[in-house]
Structures are given as structure tokens and as C-alpha cells.
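Peer 1: For reference, Swiss-Prot lists these features for the protein:
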type: TRANSMEM; residues: 29-49; note: transmembrane segment
type: TRANSMEM; residues: 51-71; note: transmembrane segment
type: TRANSMEM; residues: 96-116; note: transmembrane segment
type: TRANSMEM; residues: 123-143; note: transmembrane segment
type: TRANSMEM; residues: 151-171; note: transmembrane segment
type: TRANSMEM; residues: 177-197; note: transmembrane segment
type: TRANSMEM; residues: 223-243; note: transmembrane segment
type: TRANSMEM; residues: 244-264; note: transmembrane segment
type: TRANSMEM; residues: 281-301; note: transmembrane segment
Amino acid sequence: MAKQIALPRSQTSPLFQWRAYYEMTKPKVVALMLLTVLVGMCLAVPGTVPLVPLIAGMAGIGMMAGSAAAFNHLIDRRIDGLMARTYNRPLPKGRISIIKAISFASILGTLGFIILYALVNPLTAWLTFASLIGYAVVYTAYLKRATPQNIVVGGLAGAMPPLLGWTAVTGEFHGNALLLVIIIFAWTPPHFWALAIHRKAEYAKVDIPMLPVTHGVEFTKTCIFLYTVLLAIACLLPVLVGMCGPVYLVSSTLLSAGFIYKAWQLKFHETPGLAMNVFKFSIYHLMLLFIALLVDHYLWV
């Protein structure tokens, strides 16, 4: 186990401590996730989303997502300290003790669950709890270290937010919400595999069997390209069932074409930094795609 690091007094101040807790929630990841939750809520109703499910749902789901991220930090603290991308995280640096981190993650998740159960509905509370377990336990603690298909199988937990938003408003499952889940499920592998190519040596160093480590970079590039094509097809499903109109169709087509082009470049060109470019583009792809869903919905209601 890594030795606890002695920190300057400024780094043990309450303000610095709260910044460390905030960092443990992976705020940028949660923000993108909450965008997909919001879109799920808005697409579930023809008009304005009711205020209580909107506020309580976003708060509760966000808190439980932050809790899952904090548990991820806890479980991965050893390997995080050995990887250049993550060695500055609060736990490897000793900015937060393990006991405090466990308490923080547990309290945050519990409060989020209570908010969802009491103010939204039990279905959303339990689905969000299942997503937390899927990400923090099934993926982080087991799949990540067990199989190169970790991100494919474990990606289902990360694809749930639009469904959570939908059930928060309606209290029931709907096929249209599952189409949004399919989109994120197909988006997840090329997103993470691009990062895994860029960080291949680091994953190999800590014995994490990411696809580039176990099957090679070229095979992973091929998989990324094939998954971007699969994603492009998945992005058309909302149009095919009449859920979306021309604004989304044009937007998703352009975004899919851009993602496929980036993946093609990655596969057939050896330009340095292309894998990281694909990773960054994938983030904008998902963000803009869900914004297009939102705009299209309110233009064509």
C-alpha cells in the first residue's frame, strides 16, 4: 500500500478538503451524465417537465452518480497512484483519508437514494441504485480487472441515465427511453478504447486488461471504427420510430459522419495524438447529440 503523504497545512484546510471531495465525484463526467438525464426527462413529456421530479430527480441522480464516482476512486486508489492520468487524485495524494472517503461516498449515495425514493418514485431510486452498484462494484471492482470486454459489459450501467430521467417523470419504462440507452451503450466502447490506446502503457503497467493491452492497438482501432458505424445506426433509431424530427436527423447524421471519419483516421493514419483526438471528439459527439434531441423535441412538439 502506498505511504500516506505529509501535506502542507494549506492542503489540509477545510476549503482544500472540500475541493478534494468535489473532485472525487468526477464533476465533469456527472455533468455530461446529467445532461442525458435532463433530455430523458424532457422527451418523456410533451410540454414542461414537472418541477418536483425535475429538481429532485436531477439532485438525487447526481448525488448517487457522485457517490459511484467516489467509490470508483476508493477501489482504484492503488492503480490510480501508478498512472500519470490519475496519480494526482485525492486518495493517492493522501488529501482525504480512506475512512473519510468511504463515509463521504456512503452518505452522498444514501441521501441521493432517499431524495429519489421520497420525492420522485421508488422505481427511479432502485434503478439508480442498480446503476451505482453496476458501475462501482460490477465494473470497477470486477470487470475492469477481469476481461478486455470490461467496458462493453460494464457500459450498461453508464448508459442508464436517460432511462432514469424518463422514469423520474413518468414512473414507468418506455421503449423510447431504451433507445437512448442503446445510443450511449454503443458510444461507450469507442470512447473508452480511444483513451485506452493513448494510455496503453499505463494500463499494462497496472495489469488492467484493456483491449489495446490484450489484443493490440490495431485490433482496437478496428473495433473502434466498427463501433462508430454501429453507433451511427443506433443514432437513427429515434428517427425510425417517429420519436424525433429533421433537426435531430441532420444533427445526428453530421455528428456520426464526423465520428466515423475520426475513427477512420485513427485506423489508417499513424499521426501522433489521434487516439486522444477521437476520445475528445466522442465527448462533444454525445453532448451535442443530446442537445440536438432536446432542441428537436421542443421544435416539433
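Yeah, the Cβs are placed from backbone N, Cα and C, and that goes for glycine too.
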Peer 1: Is the transmembrane segment (51-71) close to the transmembrane segment (151-171), in the sense of at least 3 CB pairs under 8 angstroms with a sequence gap of 6 or more?
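Peer 2: With 3 or more qualifying Cβ pairs, these stretches touch.
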Peer 1: Report, as numbers and ranges, which residues of the same chain sit near the transmembrane segment (177-197): CB under 8 Å and 6 or more residues beyond its ends.
Peer 2: 36, 39-40, 43-44, 151-152, 155-156, 158-163, 165-167, 203, 210-213, 217, 220-221, 223-224, 227-228, 230-231, 234-235, 237-238, 241, 243, 259, 263, 266, 275-276, 278-279, 282-283, 285-286, 289, 293
Peer 1: Which range out of 29-49, 51-71, 96-116, 281-301 gives the transmembrane segment (123-143) the most CB pairs under 8 Å?
Peer 2: 51-71
